[in-house]
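Worksheet: one structure, shown below.
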């Protein structure tokens, strides 16, 4: 990212973006190393509860917190509220896993966060919420070895997805999206074309938001009814345009270690943290298909936390260290906490 300053159309902005993201990643790293991931999960869930309650209360008190019957809350933007709820919802779900009395408390928090997101009526966030919830149910079934239920859930999900795909225009109309996904399809096509036409390997320079005087901003305005966009509404395209093939590889690599660790941990030694890493990774990936997710400042902070924690766990927990990790030891902390009732044996 830093080297792309050399060919960036807005060098000062690129430098500021890189420094900001390095600082955010460092904060996430230090947060995990100072106390482990479990306190982070609780902190996220509690913070989400405060945001949800204050947003709902604000919506009841003043009409400015509502926009066309959609809850905008303390952010005055329904999509921002929906995105924040997506960042905290997986943490509350993961805390429901341990068989303790507090799981009912976290279950209520999960319902509150989901309800707040639904009130925002942010279609993209609602669809991602459904995916996260479905994956959570699937992971619980896998951990508890309920194979028949797994097969049934996969079959039903496949049928629903297939029917929805066959009736895609009607489904998009129901959720308030046109066939161009609210005008994003032409933008995606343009950004992809610009990414492969020139500077395929190194990209056009890393920017989290394109200034109005850049060529890509003006090109988007030409295909978007005169309205320019500051980003591609897609994490992969944003990274590919900015850093080319190297950016695409970097984007994929961000999720390799977290997903590998989560898969190994959930199978060998399930924990609340493993559930969270898996759910959060899936949420960031799916949300990033239609919005800027990982490369929002708050999304990048979450990414820093799960990456640091997964790396720490892989190289410090002998039971979870895969064969490819060999005998490497790093001075990192993971603080794995096992949920009561899960032994890893078929039940």
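Residue numbering: from 1, along the chain as shown.
Every residue, even glycine, has its Cβ placed from backbone N, Cα and C.
Noted in TrEMBL for the protein shown:
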- 12-32: transmembrane segment (TRANSMEM)
- 44-61: transmembrane segment (TRANSMEM)
- 81-97: transmembrane segment (TRANSMEM)
- 104-120: transmembrane segment (TRANSMEM)
- 109-252: domain 'O-antigen ligase-related' (DOMAIN)
- 126-143: transmembrane segment (TRANSMEM)
- 150-168: transmembrane segment (TRANSMEM)
- 239-262: transmembrane segment (TRANSMEM)
- 274-294: transmembrane segment (TRANSMEM)
- 300-316: transmembrane segment (TRANSMEM)
Note to self: Based on DSSP, tally up the residues of the domain 'O-antigen ligase-related' (109-252) by helix, strand and coil.
What the structure shows: 101 helix, 0 strand, 43 coil
Check: Looking at the transmembrane segment (44-61) and the transmembrane segment (104-120), are there 3+ C-beta pairs under 8 A, with each pair at least 6 apart in sequence?
Finding: yes
Next item on the list: With pairs restricted to those 6 or more apart in sequence, evaluate whether the transmembrane segment (126-143) and the transmembrane segment (274-294) have 3+ C-beta pairs under 8 Å.
Entry: yes
Note to self: Is it the case that the transmembrane segment (274-294) and the transmembrane segment (81-97) touch, counting contact as three or more CB pairs under 8 Å in which the residues of each pair are 6 or more positions apart?
What the structure shows: yes
Checklist line | Per-region confidence, the domain 'O-antigen ligase-related' (109-252) (mean pLDDT, whole number) | finding: 84
